[in-house]
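The structure appears below as structure tokens.
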């Protein structure tokens, strides 16, 4: 009886270890794998190209403020694997986010990464919402950091009278972004109106109006 219990415990421990191990990216099998962004082969990531140099590991894409003169008053400039091919398989990336006075980085999620921001300038009201609908929010100033857990809806709002900027770090080479509003009201093909009217408890006229504002530009 004791032997049977011991075997069962050993089996459960092994299954738990396998489950935990499979929940993370596998270890690298080589020093580097510079992304071949022109490859036609589709894999979970990018294939490695044969030749590379220092330019594959460097970029000045985050050096200058982005133009936040748009409807939302914010602009995200990414330094991910698509901009820095040397990031392929390394599991990290950066973005710079610039905000005009009153600018908003609207509620969104990153399905493949946790995000940490470092405030470069200005003052922001930031927050995320847990799956139990608890808002965790704070006002951050230059030098502050704030973490948005992977997959949770979050936002940043510049309520100040001067521009603001942050540097954002991700534990993914390509974290992905789903903006809640544009995902639901600007999808192609569109989400059915009767889904949106029931989900948001609004009328079809309101749905049509929102869709017209968030429709992808042709």
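Any Cβ shown, glycine's included, is placed from N, Cα and C.
Annotated oxalate binding site per TrEMBL: 105, 110, 115, in sequence order. As annotated by TrEMBL, Mn(2+) binding site applies to 108, 110, 115, 154. Taken from TrEMBL, the feature disulfide bond covers 33-48. What TrEMBL lists as domain 'Cupin type-1' is 59-208. The signal peptide annotation in TrEMBL covers 1-23.
Between the alpha carbons (Cα) of residue 48 (disulfide bond) and residue 108 (Mn(2+) binding site) lies a span of roughly 31 Å. The Cβ neighbour count for residue 110 (oxalate binding site), using a 10 Å radius and every protein chain shown, is 22. Between the binding-site residues 108, 154, 154 has the most other Cβ atoms inside 10 Å of its own Cβ, all protein chains included.
Counting neighbouring Cβ atoms within 10 Å of each of the disulfide-bonded residues (33, 48), the lowest count belongs to 48.
Around the Cβ of residue 115 (oxalate binding site), the number of neighbouring Cβ atoms within 10 Å comes to 22. Residues of the domain 'Cupin type-1' (59-208) grouped by DSSP class, helix first, strand second and coil last, total 22 helix, 56 strand, 72 coil. Around the Cβ of residue 105 (oxalate binding site), a 10 Å sphere holds 26 further Cβ atoms from the protein chains shown. The oxalate site is defined by 105, 110, 115, and by the 8 Å test on Cβ atoms against their centroid, the other residues of the chain that qualify are 95, 108, 109, 117, 148, 154, 168, 170, 175, 177. The Mn(2+) site is defined by 108, 110, 115, 154, and by the 8 Å test on Cβ atoms against their centroid, the other residues of the chain that qualify are 109, 128, 148, 152, 153, 175, 177.
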